[in-house]
Each structure stands twice: as C-alpha cells, then as structure tokens.
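Novice: Copying in the features that TrEMBL gives for the protein in this structure:
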REGION    1-21  region 'Disordered'
ACT_SITE  CYS68  active site
ACT_SITE  HIS370  active site
ACT_SITE  ASN391  active site
Amino acid sequence: MGSAVSKPVPLSEKASSAERETDMTEQASWESYILINHNALQRDQHIFNLTVPVEGTPITNQRSSGRCWIFAATNIFRLLLIKAYQLKDFELSQAYLFYWDKIEKANWFFEQIIATAHEDLSSRLVQKLCQDPVSDGGQWDMVVNLVQKYGLVPQALYPDAYHAQNSAKMNWLLTTKLRDQAFVLRELAAKDPQSVAAAKEQFLQEIHSLVTLLLGPPPSPDKKFVWQFSDASGRAREVQLTPIEFAQQAFRPRSISRGHPTVSTGRLFSLVNDPRHEFNRLLTIERLGNVVEGRPITYINVEMHTLKNAIIAMLRAGYPVFFGCDVGKFYDRDRGVLDTDLTDLALGFNITLSMSKAQRVASGASSMTHAMVITGVHLDGDRPVRWRVENSWGEKVGKDGWFVMTDRWMDEYTFQAVVDFNFVSTDVQAILEQSPKVLPRWDPMGVLA
C-alpha cells in the first residue's frame, strides 16, 4: 500500500514567516488566495520618460469580442489620420474590418477544406481547421490584407452592431454552418470534383448573407462615402472618399517627428521571440490566413533584446507599436499592471513555477492571447524598466484604460512586436528573404490574438 498522506501545514503558518507587506485581493476572485506584493505595486507607476507625441483618443472598447488585433491596428492607423485631418477624438470602424474578416475567413476555410479533402476527417490538421474557422482573433498580416483589399472607414459611418460587441452567438452560428458546408465540400471533392467550385460559391453567398444580417451592410470599398466632422479647432469639414482612398492616407509613408525616418504602415512586419526555435529565422504557419492570395503570415524570430531595441527606436521616432502577448498572466485588471512579481505563489501556496518561456509555449501554458499598443517606456539609461500600454478594454479597466508592463513581464510573456524596416539592422531585414520554416497549423504560434 502507498504511504499515508501527511497532515498538511496550515497555509496561515507557512505565510506567517514572510516579512514583507502583503494584502489579500478581493474575495470575489480566485486571486483572493494569492498575496499581492505591494512593493511591486509601488514600483509599477504609470510614469514614463519616453512617450510618443500623439496618443489617440478616446480609449477604445472591444467589449465581449476577440477583436483586439483589429483594435490595436486601428489605434495605430488612426494616428496618421488624426494628424492629416487635425482631429481631437477619432476612431476608425473596427466593425468594418471585422465584417470583411468574417467573409474572408469563411472563403479561406472553404479553400483549406477542399485542399485537404483527401485527408481523413480525424486528422489533426482537418480537426484544427474545423475547430474555429471564423475566429474573432487575427494577426498583423491579416489586418494588412483586409485594409489593402477593403480600405478603412470612420467609425461614425459603420459603428458596432450588437453582434460586433457580443460575438459569441454569431460565431456559434457561423461555425456550425461552416462545418455543415465542409462535410458537403469534402463529399463532393471525392464523388463529383467538377461541382466543388460552384458549391463553394453558393456556400460563401450564404455566409455573406448571414454576416450581413448580423452585422449590417457595410460601406462599399469602391464607392465614395461622405464623412462630416469637426476638427480640433471646431471647424466643420466634409470628406468624400472611397474606403480604399481613405486607407491610403493611413498607409502613406510619413514622419511624425521632424528629423526621424518615415514609417510606412504597409511595410511594417512582425518580430517574434519564440525560444523554441532558432533565432534570426523566418517562420510561418501552415494554412493560416484570411485573404486567399493575400500577404502570408510571417514572423522573424529574434532574441528579446533585438525586439525591444526596435520598439524603443520606433518610440524615439514618435511611433507606437502593435504587440502581442499573453495578457492573462500575473496581471491586475483594475490597476492596469502586468508584473511577474505582482503575486507571490510561494507565499500564498508554498509553490514555485520553474518553466522557461520555451517550456511554457511548448506545453500550452502560454501563447499570444491579446494584442495591444506600446506608446511609451521608462528608461534607466538605455535599460527599459517599464512600458506604457494602450489597451482596448475601455476606460474602466486599468488606469483609465492604460496598463503599465514591467520589463521582466515583457521578457516572459511578450511574443511579438510590429516594426518598420528603418528601425532594424540590415541583417534582420535580410531574414525576410529567407524561405520560411513552416510550423504546423496547431503550433502555439498559430494562436490568433
């Protein structure tokens, strides 16, 4: 027989030996059993000695949807439009890109189902494709695909419908219908290949109709809209452009700060830090995308200091940075803090966690779950101490919508930063010319923020 379980030592006795100021969080959450480190909170001040000159307002709110990547991207795009039109408060329509992303992802899904029709339904690849075919999540290259094909519109011309803000029921309906259609396409591919293309087009029209019913018809990408607004001086103005023409203004190379290199939104690319793989290597994910024949999803895998140096260079030139991270780890939603020292598991539970970043990714313990925007950093000499983060969870979360991220947290839980060619070395630029290492569709780097 196994040995008897020893009598556990009461948690209060273990915790009583700690000689530092701690406090329990609110009883309503699971964190009520973890001791908050007040010394860490005192260090995590929302004070930064390097910030971009313009931070877009208002703070945006994705509500009960997974559109963080669209919000993070449009929060960057809007800055160039704020400058161009001399605006005070301005939002781009996140719902406009969300609408077209659903359509494009459905088309992408159909193409992948047809291409893998020879594989067994129970294969890992087919199962992954069917798992979440029209996920709310996405990646930087996906949003670039959408903007280049459909453009941008002001939020005033296409505001959020109910199902944009509360997407779960819509996603259930679309996913269920897509799986139903996938079975038909697989059967046709085996028995009547000539009819597959026509069936796919019919199915796509059905999905298009569903999305339009749920989100409302959007402005046409190639028809002029009329946008009336007041600029920062209060002067009434009117613009008539197509969404494609409007987007070209956000993608036009320009300099925000005099004397600094220009940034072109269209030539921004992703640096990632994935210690499982060789650094200075181009990565891509098998069968991951949204727009067929669009820009592929690629990442340059670099060491963390290369990624951070590129971000700081962008900030010095006045440009905010889209980044992807694992937001749910060691964070305080109310205070807006991301800090690995925030909660003390050893003090609260007498346990320690020893996995490396690579081990956490490999085991499924960590992945990119959220996209936000970095607009500032606090430097001690050339060493980053903490980072200023613009979130998209509304003004009631964090400090008026803003988060502070410690540099240690960034090392452990940040995976991606989107930067311009001008702010990395020629050696890093050259990596984009490599043939990418293809990771399987189910790889953690294929998780959509």
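Every residue, even glycine, has its Cβ placed from backbone N, Cα and C.
Mind running through what each feature is packed against?
Specialist: Secondary structure at CYS68 (active site), taken from DSSP and collapsed to helix, strand or coil, is helix. Proximity of CYS68 (active site) to non-local residues of its own chain (separation of 6 or more, Cβ distance below 8 Å) is seen for GLN62, GLY137, HIS370, ALA371, MET372, SER392, ALA449, given in sequence order.
DSSP assigns HIS370 (active site) to a strand in the three-state reduction.
Cβ environment of ASN391 (active site): ILE59, GLY336, MET372, VAL397, GLY398, GLY401, TRP402, PHE403 lie under 8 Å away, each six or more residues apart in the same chain.
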Novice: At a 10 Å cut-off from the C-beta of HIS370 (active site), count the other C-beta atoms across all protein chains.
Specialist: 21
Novice: Based on DSSP, name the secondary structure state of ASN391 (active site): helix, strand or coil.
Specialist: coil
